[in-house]
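Before any comments, here is the structure.
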Amino acid sequence: MYFYINSLLLIVSINGWKHWNILNSSICVNEKTNQTIIQPGLITFNFHDYNETRVYQIPKCLFGYTFVSNLFDSVNFDESFDQYKHRITRFFNPSTEKAVKIYAQKFQTNIKPVSHTKTITVSFLPLFYEKDVYFANVSEIRKLYYNQYICTLSNGLTDYLFPITERCVMRHYNYLNTVFMLALTPSFFIISVETGMDDVVFIFGNVSRIFFKAPFRKSSFIYRQTVSDDLLLITKKTTIERFYPFLKIDFLDDIWKQNYDISFLIAKFNKLATVYIMEGFCGKPVNKDTFHLMFLFGLTHFLYSTRGDGLLPLLEILNTHQSIITMGRFLEKCFKMTKSHLLYPEMEKLQNFQLVDYSYITSDLTIPISAKLAFLSLADGRIVTVPQNKWKEIENNIETLYEKHKLFTNLTQPERANLFLLSEIGNSLVFQEKIKRKIHVLLASLCNPLEMYFWTHMLDNVMDIETMFSPCATATRKDLTQRVVNNILSYKNLDAYTNKVMNTLSVYRKKRLDMFKSISCVSNEQAAFLTLPNITYTISSKYILAGTSFSVTSTVISTTIIITVVPLNSTCTPTNYKYSVKNIKPIYNISSHDCVFCESLVVEYDDIDGIIQFVYIMDDKQLLKLIDPDTNFIDVNPRTHYLLFLRNGSVFEITALDLKSSQVSIMLVLLYLIIIIIVLFGIYHVFRLF
């Protein structure tokens, strides 16, 4: 009967006393009276304590509500005393285990209070502007979409908690044999680690509306306390001892010691994530850092969607949201988790491509706003309508980066972050064939040995998921195997970094090539895929695909290079045999007035090491400049060779003799012109004599 009253008091505490009245109550001394107080329509509760009895009478109709029935259903009335005792003693009590820690922070904020700023509406979004800077209210634009009204926890927690009735959004992330459940509410968030037998649950925030069943008290589960929040840890003693002993000692203590605002949490997550990637933990069993990353992911979304009331510049809002989305992309890539989006409807209004310009976000034209908005829209899983002029901006973005770095200069961190967004856009596009093919072929061309050296040196200091990106991690460079990478790095005595590089490539590189119909069936093959506008070149060490093939003969026996050409919309047919074979012919003349060499590729390869690099050629002038001796691109080395891939599927060999002949022919043309001018000048003077 104690459980009934416990449940009743819980109902009262949730809904208030407004509609709940105890009609009759009395106290009497035992054996002093025999008066009967039973009445129809009332439930009588008698509580005996030594020589005193307390009697409560409550209307039966109060127990007809569904949620009341659910509360009573959550109580086990068949539990024996031994079971009850075992239930009490088996849980992990942070206070008795000396695991409780209390922190006092001085919270600060850079959020601008709402003042007498001017207002304007852009894309149905109310904005404020002051001194040409546009602001939005973070409490509005960061509202999370809560799609459920009751958050249901795993079965193991029914021993401790009554059902939680809160608006919430719940997501499940499957990782190997572990399920991470994240439930976000306006007051707190819950993250549980479920392995089938040994579950761990964290609850963080304002936990005043979470009710524990007797004899448990909330204070028994407090694991961390800050100025404004409590962190509850609910699990068994044996679970901590057998699987997660680190929870007794340390759990993100550096977070609680700081002002855990959004920017700090994002930076902490990125630092942990980059180390996690390089150390090869992705796809491995759950460890301490896995706990940290999943908790930080939930904590960041919780604080992002519930804390702060004031104004922030639109660009800062956009960049922060981009970082939040990137955290989710990391989980998808590293933990192989299925996409499970948390939706922010007001943020979608900011992702508007229909406006002429983005001056309300920033007047800095070097910031790739179109790429940012496309990344966010595609990451949300939405089908977006992007005008052609915006796609052109994105295309110009990747072309500008390529033009700057095609002759092997080091990429800056902002440029790497930009390329990360472009790569994600290229991986996510279903339609827009032209732009996604352009993105992938230029990324593939930006990957060369020098970029690999620069990137490897940078990995020691990288602390950000986006700036950690290299174009060598594009989905179409599956030819970069452990052996190839080790060979490249060994030339600079960097082969000790091979594992770090391969760990990073395996996370960033999209596994499937389903965005390209003609090569989707060979996603697992070790090959390079070069996506020109209407055809795709595949370079591999064996026959893998039905198409027109070219075999490179100027390599040693141990090195094989097979080039296969497939049309844009052809059906992907894997094969181990020759399908249609052509010979590679030398090219004798590279001059053209019809842009024959536009949108082509120059491929450098070595007799022993195989493919070295690709260079995308936008027009004939670029090709002439590339093979000019002054650019030092052409290496006069008997082991090094060059091929020219044209956009029509033709493959030619560029030889040193051809280059010299081309240069000589140009000199001869100039010489002929000079001779003709001299002859004409002489004829002119002869005619003047008559």
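Just so it is clear, glycine is given a Cβ too, placed from its N, Cα and C backbone atoms.
Listed in Swiss-Prot for this protein:
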{"type": "SIGNAL", "residues": "1-16", "note": "signal peptide"}
{"type": "TOPO_DOM", "residues": "17-667", "note": "topological domain 'Virion surface'"}
{"type": "CARBOHYD", "residues": "N24", "note": "N-linked glycosylation site"}
{"type": "CARBOHYD", "residues": "N34", "note": "N-linked glycosylation site"}
{"type": "CARBOHYD", "residues": "N51", "note": "N-linked glycosylation site"}
{"type": "CARBOHYD", "residues": "N137", "note": "N-linked glycosylation site"}
{"type": "REGION", "residues": "174-234", "note": "region 'Interaction with gL'"}
{"type": "CARBOHYD", "residues": "N206", "note": "N-linked glycosylation site"}
{"type": "CARBOHYD", "residues": "N410", "note": "N-linked glycosylation site"}
{"type": "CARBOHYD", "residues": "N534", "note": "N-linked glycosylation site"}
{"type": "CARBOHYD", "residues": "N569", "note": "N-linked glycosylation site"}
{"type": "CARBOHYD", "residues": "N589", "note": "N-linked glycosylation site"}
{"type": "CARBOHYD", "residues": "N648", "note": "N-linked glycosylation site"}
{"type": "TRANSMEM", "residues": "668-688", "note": "transmembrane segment"}
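Put plainly, the glycosylation sites N137, N206, N648 were compared by Cβ crowding within 10 Å, and the winner is N137.
Annotation note: N51 (N-linked glycosylation site) sits in a coil segment as assigned by DSSP. A mean pLDDT of 88 is what the model gives for the region 'Interaction with gL' (174-234). Residue counts for the region 'Interaction with gL' (174-234) under DSSP, split into helix (H, G, I), strand (E, B) and coil, are 4 helix, 32 strand, 25 coil. Cβ environment of N410 (N-linked glycosylation site): E451, F454 lie under 8 Å away, each six or more residues apart in the same chain.
Neighbour counts were taken at the CB atom with a 10 A radius for the glycosylation sites N51, N534, N569; the maximum falls on N534.
The CA atom of N648 (N-linked glycosylation site) is located 64 Å away from the CA atom of N206 (N-linked glycosylation site).
Comparing Cα positions, N206 (N-linked glycosylation site) lies closest to N137 out of the glycosylation sites N51, N137, N534, N569. Ranked by CA distance from N534 (N-linked glycosylation site), the glycosylation sites N51, N137, N569 have N569 at the top as the closest.
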